[in-house]
Amino acid sequence: MIKKGKPVHLLFKKSLLHFQAHFFLPLSVSVSQGTLCYIPLLYELFLLHYAVSIFSHLNPFIPPALLLLLFPLRPPVIKTQPESVTVFSTEDFVMNCEASGNPSPIFRWAKDGEDFDPGSDPELKVSESSGSFAFYTLSNTMDTLNKYKGKYVCYASNELGTAVSNEAILNTDVPPSQQKDKKVDETADEGKSFILKCNPPQSSMEPIIHWMDLRLRHIDLSKRVMAGKDGNLYFANLESSDSRDDYTCNVQYLATRTILAKEPTSLKVTQSNSVLRNRRPQMMRPTGHHSTYHALRGQTLDLECIVEGLPTPEVSWMRRDGELSETRTTKDMFDRRLRFTNISESDGGEYQCIAENSQGNTKHIYMLTVEAAPYWIKEPVSQLYAPGETVRLDCQADGIPSPIISWTINGVPISGVDKDPRRTLTASGSLILEDVNFGDTAIYQCRASNKHGTILTNTNVYVIELPPQILTDDGNTYAYTEGQKALLECETFGSPKPKVICWKYSVSDTHMLRDIVTLANFIYYLYLLQLVSALYCLLSSADRTVILSPPQALKVRAGERAIFTCLGLVDPRLDPPFIQWRKNNQKLADSNSDEKYTMEGPDLKITNVQPDDEGVYTCEIITKLDVAEARGTLTLWDRPDPPILLQISDPKDRTVTLSWTPGDDHNGPVTEYVVEFEDHRSNESVWKMLARVSGNKERAVLSLWPFMSYRFRIIAINDVGKSDPSKPSGIYNTPAEAPDNNPKDVKSESIEPNTLVISWKKMNKTEVHGPGFKYCVQWRQAVGGGPDWHEKNVTEPPFRVDNVGNFSAYEIKVQAFNEIGRGPEPDTVIGYSGEDVPLEAPMDVGVEIINSTTIKVTWAPIDKDTVRGHLLGYKVLPYKCSVPLESTVVVKTEPNEKKKVISDLRPFSNYTLKVTVYNIKGEGPFSEALPFETPEGVPGPPLTLTLDSPSETEMTLHWTPPGQPNGVLIGYLLQYQQSDDDSPMQVETIDDPTVTHITLKNLDHKSHYRFYLRGRTAAGDGVPTTMKGATMLDGGIKPIQSFNILSVGENAVNFSWVPEKRRRNVGFQIQYRNKNDGNKWKTTEKVNSSQSFYQIQGLTPGSYYSFQFIYNNTTFFKTGIETEGTGVTEMQPSFATQGWFIGVVSAIGLLLLILLILCFIKRSKGGKYSVKDKEEGPMDSEARPMKDETFGEYSDLEEKRTASQPSLCEKSKLYSEDNLDFNGSSAMTTELNMDESLASQISRPSGGPEGYHGLPENAPLNPTTCSPATNGVPNSVTILD
């Protein structure tokens, strides 16, 4: 097997012929004893029958196929057709034609059916290379291009024939330009219909119309407001919201990339009673009742139905002679347009638009005619033919009107070629060639024409004689994915064209392989009819690879990171796919050094994106059977550069035109320009926004204020952000004028009596309009002041006038003026002079009792002349005699109220009522005090309710009386019931109001109860206090719920616990042992679960103890604890054990003890004073002798006073034995190293032995069982306290 590009060695009669075979398309060559055959992939690739004939005579051993390999000739084929063009500038004038062939084709042109040589025209330049020919103009003016208008045809020829291009039409036109329009001011009545005209410039291009405002925001379109295809804006009925002065028609031409903005139109909608409020629909576009439309097959057509009426009509469409096509018709523009896409001949007919509202309907009929430019029904096919065969070239086309079929040979009409009886034209347009020979090899053109255009096709006819050959190897295996078309190669060669028979095992005569859905492996055998050889192949299939999430178009800023994601679905029977990323078709690989590209799974990460990273990124998911690919783009964008070259032109009194040159937008198109200004005369350098301009404009007409010194700058904005400001423009000064306006918000802000303060909103600098700006303030009394005005010129607000009386009405106005003139006549407003407090109190005040908490208060209206201001209302003050007046709640009313209901008073209380009137200055005098008494009410809830369970069937309730009895308490009502079922409510009535507890007996110990306790007065039962509880049970299965270790000392540990719910008096024991010395378990006495606390003493410091809690010979809790301190170790001989050292330490300790005793004696005598001073001084409560010389009755004040007197005994005063005496009870002592905070807690009175009432004798909390602590560890009482 010989492949393209490989050296070929052919042995002919022992002579070695060596040649290098290079071909433009792949082919295979097999060699067998001097016989060579090949397969061309297109029939027109090789034809040179003259060379074949000559060389066959010279050397009969060289087969004809080899001669074709040595001389590969191809007929010309038009690759790039010249295109029709409308020339708007000299740069648009280009005619291009490209063709392939071997030898390279020679080009010639025809214009309007006549030969045309562009190379001989001095005003045209020709660009010619192998396979292409183009010409364009050298002229710089459009006038010289008019002579080149016409129809052009390109011819490409070589030895095998001439190919002909389609016709290309060249037209010229002038690009549309901005028209000088005047601003139009329109006025129309509300409710009427209206049309705003656009009148776009005439052009051969169809414009696109955008109605926008000056801020380049689209005018909102709706069923009521429509933009017609003629560019006008239609209002079905006007509303007041349609009034605006910036309706702007923007005309866009795509071909010239031009947008022309018309002058803004002002529309003012006025209200009028003469307009008929409701109207039936009427047609606005098209007018009348019928219209006719023509369209060409394949075009897009819009039928428009714009109507007016009030209410806004609804529009519907129908076809009068059939059904609307669902695939080719859509409704657009709020059903006002019926759009045909890819229109066909069957769409021709009658259509009707129906508009209707509540007042009636109107209809319009559209007659639609659809014609068609020629289109092919059947095209002739290029083929190889053997000499003597009959060739039939079928050429069928259709169109409306029916096209005319004509034939040319090598571009020459058949009528212009020698007549040959072997050529026949049929009525259907087919060309028949009988008994063809090598001379009939040529390119035949079939042309179909009607009034709408011409189409042409080139057909190659090859006359050659070659035997059939099969060049495909046997046993090839083909694998395809689901949905692909399986192509099983059977490369043949021969003339006439060999017929191939293909069949599957057990299936005969299968001539076509269809799309694969799911196939097992099958064997196909391919045979030639003229039996030369046979081959077989194996076919298998798999699901095709699909990209589910393709890469997106990304825009990032320089330095950022970009991530492309490519997710695909691969047949699981195939090996995992390989993902190949490409940039601009160049393969990418992971970057090892700079980490620019990182490929992680389906992601491609690009770090530090720079301009050279821009491009098209392709993701290829590659399997062994197929490749799926998708593309995404990466674009670098950034904030735009600021505009440059600011220029001021066309100055007027209040407008100026500012133009500029845009800066680089950095791939982010500018959406908007912001024009800012600075007043050069101002001392403040502040830039303010003046206008916003669309990003596609480069100039703006700016509205200015008089008497300003302007400098301008511009900021460009795109989707990334704002540019830096441009450099400022030059200074432009506007002339001075009189003010246009007067100040706003003129009013009186008088606060002080007998004054009138006139204020207004200060006008800003843009409203001054000239030098010497001031305000002229005018005022006069509204009633009885006469026609004359008082006036005063001032420079700023406010302005004060004195001696004008209290709360008098004045007419006031303020006018702006400067040296040029005055502003318009100002409006007059009414203001009042300052208010004063009211003079009189309300009269005829009365009280009506409604219930125990509510009253109704009435009074007579106040004389408004005595209010001396704006009456804000009345204030009602009901207050209890025992409550200060300033803490009473004040009830306010509206100015016109004469009565008020007041709630939330306290029942069974004495009140006093006063009423006053108030204005902004304050309150007037109060009315005469009016006493009243609220009747008795039901009491509030008892303050507390507690439960106690003496036994399993008894419950004692303790309570405190209601905090708010609201009357005379006569007793209590107790209700209770079981809460876990629907048991009846039990009632206990208590008639003695002094009773504060009750015991309930014979309760169910298995149930919980709800208790409701109410107080009672003569007015009824009060609000209950609720409690839920159950009796306590003796004994139980488990004594406690949870344990807690309160503290661990050197010799003791303190435990606390939570008893089991509803359980009490459950006894358990605690066992413990020292793990360090392996002692046996020690057991405490029985501990009652109800005491919730226990201390174990006598432990060894620094030792680890195990504890276990025993109940009914069962351990229910275990823990381990390490005591504090250092463990006992054997003492080594040292000086600390010597007798002399012990004696010295003992002496020092004795001296310290004596010193402490003296300090306590001194303190007990008053601390600061001597005994003599205390005896001579006056006796007071602080100097009285203390009973039994204890400190238990010292007050906090005394401790604070002595705290300011530092002494040696200050730190030890809390440790004294006297401080531990509980008001005469037996003293409990502690060691001197007791924690100070614990000792201070013990010093507080405990209430004597009664504090331990109810504890068993052997309980650790009973004082009689407490023994002194050893080794510095507090006893159980100190820990508990």
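The backbone N, Cα and C atoms fix where each Cβ goes, glycine too.
Just so it is clear, the model here is predicted, and its values are computed rather than measured.
According to TrEMBL:
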| type | residues | note |
| --- | --- | --- |
| TRANSMEM | 21-41 | transmembrane segment |
| DOMAIN | 75-171 | domain 'Ig-like' |
| DOMAIN | 175-260 | domain 'Ig-like' |
| DOMAIN | 281-369 | domain 'Ig-like' |
| DOMAIN | 374-462 | domain 'Ig-like' |
| DOMAIN | 468-503 | domain 'Ig-like' |
| DOMAIN | 544-635 | domain 'Ig-like' |
| DOMAIN | 642-737 | domain 'Fibronectin type-III' |
| REGION | 725-749 | region 'Disordered' |
| DOMAIN | 742-836 | domain 'Fibronectin type-III' |
| DOMAIN | 841-937 | domain 'Fibronectin type-III' |
| DOMAIN | 941-1035 | domain 'Fibronectin type-III' |
| DOMAIN | 1039-1134 | domain 'Fibronectin type-III' |
| TRANSMEM | 1140-1161 | transmembrane segment |
| REGION | 1169-1189 | region 'Disordered' |
| COMPBIAS | 1170-1189 | compositional bias 'Basic and acidic residues' |
| REGION | 1237-1281 | region 'Disordered' |
| COMPBIAS | 1261-1281 | compositional bias 'Polar residues' |
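For the region 'Disordered' (725-749), the residues of the chain that approach it from at least six positions outside its boundaries are 642-644, 646-648, 651, 653-654, 656, 658, 660, 676, 678, 680, 687, 704-715, 756-763, 767-771, 773, 775, 797-798, 810, 812-824, 826-827, 829, 831-833, judged by C-beta separation under 8 angstroms. The average pLDDT for the domain 'Ig-like' (75-171) in the predicted structure is 87. The stretches the domain 'Ig-like' (374-462) and the domain 'Ig-like' (75-171) meet in space: the count of Cβ pairs below 8 angstroms, excluding pairs fewer than 6 apart in sequence, reaches at least three. Helix first, then strand, then coil: DSSP counts for the domain 'Fibronectin type-III' (742-836) stand at 3 helix, 38 strand, 54 coil. For the domain 'Ig-like' (281-369), DSSP puts the residue distribution at 3 helix, 54 strand, 32 coil.
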